[in-house]
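A.B. asks: Here it is: the structure, laid out below.
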Amino acid sequence: MSSESKEQHDLSPRDSTEGDDSSPSGIHLEVQRESSTDFKQLETNDQCRPYHRILIECQEKSDTNFKEFVIKKLQKNCQCSPAKAKNMILGFLPVLQWLPKYDLKKNILGDVMSGLIVGILLVPQSIAYSLLAGQEPVYGLYTSFFASIIYFLLGTSRHISVGIFGVLCLMIGETVDRELQKAGYDNAHSAPSLGMVSNGSMLLNHTSGRICDKSCYAIMVGSTVTFMAGVYQVAMGLFQVGFVSVYLSDALLSGFVTGTSFTILTSQAKYLLGLNLPRSNGVGSLITTWIHVFRNIHKTNLCDLVTSLLCLLVLLPTKELNEHFKSKLKAPIPTELVVVVAATLASHFGKLHENYNSSIAGHIPTGFMPPKVPEWNLIPSVAVDAIAISIIGFAITVSLSEMFAKKHGYTVRANQEMYAIGFCNIIPSFFHCFTTSAALAKTLVKESTGCQTQLSGVVTALVLLLVLLVIAPLFYSLQKSVLAVITIVNLRGALRKFRDLPKMWNISRMDTVIWFVTMLSSALLSTEIGLLVGVCFSMFCVILRTQKPKSSLLGLVEESEVFESVSAYKNLQTKPGIKIFRFVAPLYYINKECFKSALYKQTVNPILIKVAWKKAAKRKIKEEVVTLGGIQDEMSVQLSHDPLELHTIVIDCSAIQFLDTAGIHTLKEVRRDYEAIGIQVLLAQCNPSVRDSLTKGEYCKKEEENLLFYSVYEAMAFAEVSKNQKGICVPNGLSLSSD
C-alpha cells in the first residue's frame with residue numbers, strides 16, 4: 001500500500017465526512033434572532049491540533065476526439081440485428097409488451113368501468129369543445145375516438161386520458177378564425193356542414209364562388225395545424241429535445257392555463273346569451289369580445305339565456321357534489337350527459353329553434369368521412385402557431401403521465417410519450433381531427449373509477465364509436481348554449497388556482513409573480529404571446545436569482561464539523577483571523593461583481609486597505625525626506641506595517657455549481673488582491689466541475705494545490721497549522737517613491 005493510500009485509509013470517519021453542509025440529526029441549532037455572539041476558542045492548544053490532508057484520486061477520463069465519438073455513436077445506433085429490430089419494435093409499440101401479460105381477472109373490471117365513464121363524459125365535451133376549436137361537432141367526436149385508439153398502442157402511461165383539451169382547442173380556434181378571415185369567409189355566416197355531403201367532397205358555394213364551404217375550410221386549417229404540431233412533437237422525440245418542457249415551470253403552466261381559461265369563458269359568452277357575433281382575434285381579444293358583447297346585449301336570445309341559467313344551476317352543484325363525495329361514489333354521476341339528453345329532448349319537442357330562433361348544433365352525420373391529406377399550402381401560415389401548440393400539448397401530457405406513474409409506482413418513458421402524443425396528432429389529421437393532449441380532469445376521473453391499464457382507452461373509443469355510428473344524429477336539436485355551459489363549468493379547476501395563491505406566496509414570491517405575469521399576459525394579450533412572455537419572464541427571474549444570490553459568513557456548530565450561517569443561527573463558533581465565506585450560486589459573468597462586492601463587504605476590502613497603506617506611505621515619505629545642500633533628494637523608503645488580524649479567507653464552494661471564464665478570472669483577481677495585503681485565500685468543497693475549471697483555468701500552480709480542500713473543516717485546520725507553524729507571508733511594507 002502506498003503512503004498516500006495508507007494515509008487515506010487511516011483517516012477517521014471525522015476526517016472522511018468533512019464538508020457536509022447540512023445539519024445532521026442530533027445537532028440542534030437555534031435560529032438567529034439577534035447579532036452573532038463573539039468568537040469562541042475551538043481548542044485551547046492550537047499547535048497540538050491534528051491535521052490530516054484528504055487525498056482523493058480522480059477518475060481517469062478517456063480523451064475521445066469528435067471523430068471517434070461520432071463513429072462510436074454510429075456503430076451503436078446503426079447496427080441491424082434481429083434482436084435489435086425486435087427491441088426497436090417493442091419500444092415503439094409498448095402495447096406489444098404489456099398486453100400479452102395482461103391479467104384479465106385483476107384488471108378487466110376497472111378498465112371497462114373507467115373506459116365507459118370517460119367515454120360517456122367525452123361525448124358532450126367533445127361536441128362542446130368543437131365549438132371552441134371553431135369546428136363542427138362531429139370533428140370533436142372523431143378527435144377523441146382516434147386519440148384513444150392511438151394512445152392505447154403507443155402510450156406508456158396507464159392512467160392518463162388523451163383527447164380534447166380546452167386550452168389547445170382555444171389555440172386551434174384562434175388560428176382557424178384568423179385563416180378564415182384571411183380567406184374571406186364571413187364569420188357571422190354559417191355555411192352547410194361538410195358532413196351533410198355523402199361523398200365528403202368539397203362543395204361549390206354558389207354565392208361566393210369558392211370550391212369549399214366555411215366548415216370545410218375550417219377543418220382543413222385545423223387538421224393542418226394538428227399535422228404540424230404532431231410533426232414537431234415527433235421531431236422533438238427523435239432528436240431528444242424534451243428538455244424544452246423544463247422551461248415550463250409549474251407556476252408558468254398554471255398561470256397560462258388560468259389565463260386561457262378567462263379567454264375560453266369569454267369566447268363562450270356569446271353562446272350563453274344567444275348572440276351572433278364574430279370571434280375576436282389578436283392582441284386584446286378578450287377585451288374586444290366583451291366590448292362587442294355589451295354593445296349587443298340588447299339582442300340577447302331569452303331562450304338561450306334561460307337555458308344557460310338552468311344548466312348552470314344543475315351542473316355546478318352536481319359537479320361540486322361529485323368532488324365532495326368522490327371517495328364514497330364508485331363512479332361520478334354523468335351529469336353532463338344527463339343535461340345534454342334532457343336539453344336535447346326539451347329543444348326537440350319544444351321546437352326552440354323554430355319558435356325562438358335558438359342556436360342548435362345541427363346535423364351530425366353518422367360514420368366516418370374519407371381520409372384527406374392536410375392542406376400543404378396552409379403550412380407556411382400555421383407553422384408558427386403549431387410550435388406553441390405542440391410544446392403545450394407535450395408538456396402537459398408528460399407532466400401528467402409522470403405524476404400518475406410516480407403515484408402508482410411504475411415508470412413512463414418521456415421520449416416515447418413524445419412519439420405517442422405526436423402520432424395522436426399526425427395520424428388523426430388525415431381523418432378530419434384537431435389537436436389532442438392529456439387532460440387532467442378526465443385523467444382524475446379515469447383513475448378514480450378503477451383504471452388499471454391503457455386498455456380502458458379502447459373501451460372509451462368503443463363508446464365514441466357507438467355514438468358516431470348510431471346516436472350522433474339524435475343531437476341535432478341540442479342548443480349551443482348547453483355546450484357553452486359544459487365548457488365553462490369544466491373551467492372551475494383552473495379558476496380555483498386563485499385559492500392557492502396565498503400558499504404559493506408564502507412558499508415562493510417569485511413563482512407567484514411568474515404566475516401573475518403569465519396569467520395576465522395570456523388573458524389580456526393572447527395565448528401565444530402569453531406563453532412567450534411567461535417563458536421569457538421566468539428565464540429572467542432565474543437570471544435575476546443568480547445575479548444577486550445570497551451569501552454569508554459561516555461558523556462551526558459546536559462539537560461537530562458542520563458549518564452554518566452566523567446570520568441565521570446563534571452560538572456558532574468562529575476562529576480569530578479566519579473568515580469562512582459561502583456564495584450560493586454559480587460564479588459567472590453576470591454575478592461576478594456581486595461576488596466580489598459581497599466578499600469584500602463581509603470580510604475586508606483589500607483595495608481600500610492598499611489605498612490606506614499608500615496614503616500612509618506618502619505621509620511617511622514627506623516626514624523622512626532628506627535634503628542635502630538645499631536640494632531635496634527623494635529616495636525610496638521601506639515601510640513596515642503590522643499584519644492584519646485576518647490572515648485567511650476560506651471560500652465555501654459547495655453551492656457554486658459551475659464557473660465560466662469570468663468566474664475563474666474573478667477568483668484569480670480576488671486571490672491576488674488579498675495576497676497583496678497578506679491574506680491567503682483557500683477554496684473548499686469544490687465539486688469536480690469547478691475543480692476541473694480551476695485546473696484548466698490555471699487558478700493555481702502544481703505546488704499550490706494545497707489551496708483546494710475537500711472540506712471547509714480541513715481548510716480551517718490547515719489555516720491554523722500554517723499560521724502557527726509556518727506563519728503567513730505578509731508584506732513587510734510597500735516600496736514607494738515620493739511624487
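Yeah, the Cβs are placed from backbone N, Cα and C, and that goes for glycine too.
From TrEMBL, here are the annotated features:
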type	residues	note
REGION	1-34	region 'Disordered'
COMPBIAS	1-17	compositional bias 'Basic and acidic residues'
TRANSMEM	108-129	transmembrane segment
TRANSMEM	149-172	transmembrane segment
TRANSMEM	216-235	transmembrane segment
TRANSMEM	241-265	transmembrane segment
TRANSMEM	378-398	transmembrane segment
TRANSMEM	418-441	transmembrane segment
TRANSMEM	453-476	transmembrane segment
TRANSMEM	513-544	transmembrane segment
DOMAIN	568-719	domain 'STAS'
A.B. asks: Thinking of Cβ pairs under 8 Å, which stretch from 108-129, 216-235, 241-265, 453-476, 513-544 has the most of them with the transmembrane segment (378-398)?
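C.D. replies: If we count Cβ pairs closer than 8 Å to the transmembrane segment (378-398), 216-235 scores highest.
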A.B. asks: Of the listed stretches 149-172, 241-265, 418-441, which one has the most C-beta pairs under 8 A with the transmembrane segment (453-476)?
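C.D. replies: Out of the listed stretches, 149-172 contacts the transmembrane segment (453-476) most.
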A.B. asks: At a threshold of under 8 Å on Cβ distances, which of 108-129, 149-172, 513-544 pairs most often with the transmembrane segment (241-265)?
C.D. replies: 513-544
A.B. asks: Quickly jot the same-chain residues contacting the transmembrane segment (418-441) by Cβ under 8 Å, restricted to those at least six beyond its ends, or write none.
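C.D. replies: Contacts of the transmembrane segment (418-441) (Cβ under 8 Å, skipping residues fewer than 6 from its ends): 92, 133, 135, 139-140, 142-144, 146-147, 150-151, 154-157, 160-166, 168-169, 171-172, 219, 222-227, 229-234, 236-237, 242, 368-369, 371-374, 389-390, 392-394, 396-398, 400-401, 490, 493.
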A.B. asks: Looking only at the domain 'STAS' (568-719), what is the mean pLDDT?
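C.D. replies: Within the domain 'STAS' (568-719), the model's average pLDDT equals 80.
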